[in-house]
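Feature list (source: Swiss-Prot):
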type    : residues                                                   : note
BINDING : Cys50, His52, Cys69, His72, Cys537, Cys542, Cys545, Cys575 : [2Fe-2S] cluster binding site
DOMAIN  : 9-114                                                      : domain 'Rieske'
DOMAIN  : 272-373                                                    : domain 'FAD-binding FR-type'
DOMAIN  : 503-588                                                    : domain '2Fe-2S ferredoxin-type'
Amino acid sequence: MNKLDVNQWFPIATTEDLPKRHVFHATLLGQEMAIWRDDSGSVNAWENRCPHRGLRLTLGANTGNELRCQYHGWTYESGTGGCTFVPAHRDAPPPNAARVNTFPVREKHGFIWTTLGQPPGEPISILDDAQLVNAVKTNLHSVVIDADIDGVVSVLRQNLSAFIDVFGAASAEDLHLKSMLQDRGILVTRSGSIAIHFYMQRSTISKCVVHAQVLTPGRPGYELQKNYSYAMNVIRRAAEAVATDLISITDISDQTIEKLEVVRENMTKAPPTHYICEVVTRTQETGDINSYWLKPIGYPLPAFSPGMHISITTPEGSIRQYSLVNGPDERESFIIGVKKEIQSRGGSRSMHEDVKVGTQLKVTLPRNGFPLVQTRKHPILVAGGIGITPILCMAQALDQQGSSYEIHYFARAFEHVPFQDRLTALGDRLNVHLGLGPDETRAKLPDIMEIHNAQDVDVYTCGPQPMIETVSAVALAHGIAEESIRFEFFSKKNDVPVSDEEYEVELKKTGQIFTVSPGSTLLQACLDNDVRIEASCEQGVCGTCITPVVSGDLEHHDTYLSKKERESGKWIMPCVSRCKSKKIVLDL
């Protein structure tokens, strides 16, 4: 028996199987999956299991940008599958470790494709007849057959006569069959005028799904589809009859074990936590901004959603966060923009000076601390400088789905505007404001806000800290609710606050006790005492080092926690925040 190579793309659904806010149940090689499309058009292929209690996610609710399990209400975001909300802990950030297993997914040729391995390329069409390139493509209904895929292919080969009426042929001799993709793709044609693609999906060792697409000079009529249904019933009955006979006369226990071993070989359930990416394109967007296209080596690009960022280890060793600029259909490489900061501590300078086409960089799985939330309100997108990157990603997604929105970009001058082609493509949704100083910007913002009812808009803003503070203040003054104002900082200008007095730290779970000395941060004291806390920006911006607190009088200096989270006293960003009392107890 030939081994099945799982490092390839498999069809698991048709485009029509994913209507708005639906979750589709599919099975590939014994792996159950929940397939769903978010409101930006991105498709997700997830393991059909909630990480919390194991309930099938196909029983859950597609809320537009997230999938909610119906058992305890845990919610997972489109793209990464990361948990975003736990109803039992409403005031706490979701657990970082709670993430649905995700699979690479593509939407091509009218089908949804996924893989359990690491395919080297993209899904391919089996069409090779030049006369049919411009034909009308119509997906026919998929047929589930209780038989092994090899048996179905064999029956299909032997029963082409069942399709005579479908093709309007005189006899089976007028039909031509070609097998591709290791018998998973069958192309049947009649003299170049009509063709049907059959794509075989191996659900389990004893069940397969036959997907089909007909190519015709014009839109196929009712008769063709009726005749196709009749023909596929003939194929299904014949294949299942053969399978039943084999089961009744053969001891297949050994074959079953062998097949399961073949199916599971080299399977990869989820993408890695980080990638090695090669720089395939580097473009100078402005005098101080470059864009980079980073293609993962050995893995397809993971699913992602607007507002996500990746962390990159730069050639000189710094870890920096960069927002994705990708449009919804750009699924080959991570696309980022990097501004060379005058006072760079090494990150942006290294990206500009050391990174060339061909350079390999370590990149994390995308995270989303700035999601585009589907609220049915009108999004006002406001960006300044390099803050355009996540805002542009959001705008492209909204534009593709035909949503109402507007984008305002504040820049020093036209020559300082990056991604000009992408921005121009947004048409009259784009408003560029050039050469405005801080006072002029503050004067302009009320004009933007006041033409809308405060209850009908969401505000998203990203850029320099003073600008974000100004946008937030103007929006609040206009009556826009705080929870409808969302922002992301790239960096803070303030120096990292350090302790001016010694205080004690106790770890509740281990009982360890140590002190934070004057001139040190809580994070540094933890690391010095072998307390492992993951950290990244060390400026209170990214949220990576968020740490639970049991007790202590906290002094917050971050921009990550919400006002409600700060007031709860349950969380601290140890990279910049500190304790005002003599002792802090961490829930570690």
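The backbone N, Cα and C atoms fix where each Cβ goes, and this holds for glycine too.
Residues of the domain 'Rieske' (9-114) grouped by DSSP class, helix first, strand second and coil last, total 9 helix, 46 strand, 51 coil. Mean model confidence of the domain 'FAD-binding FR-type' (272-373) amounts to 89 (pLDDT, 0 to 100 scale). All protein chains considered, the CB of Cys575 ([2Fe-2S] cluster binding site) has 27 other CB atoms within 10 Å.
Counting Cβ atoms from all protein chains shown, Cys542 ([2Fe-2S] cluster binding site) has 26 others lying within 10 Å of its own Cβ.
Around the Cβ of Cys537 ([2Fe-2S] cluster binding site), a 10 Å sphere holds 24 further Cβ atoms from the protein chains shown. Note on the domain 'FAD-binding FR-type' (272-373): DSSP counts are 8 helix, 42 strand, 52 coil.
Sorting each residue of the domain '2Fe-2S ferredoxin-type' (503-588) by its DSSP state yields 13 helix, 24 strand, 49 coil. Residue environment of Cys69 ([2Fe-2S] cluster binding site) contains 23 other Cβ atoms, counted within 10 Å of its Cβ in all protein chains. The Cβ neighbour count for His72 ([2Fe-2S] cluster binding site), using a 10 Å radius and every protein chain shown, is 13.
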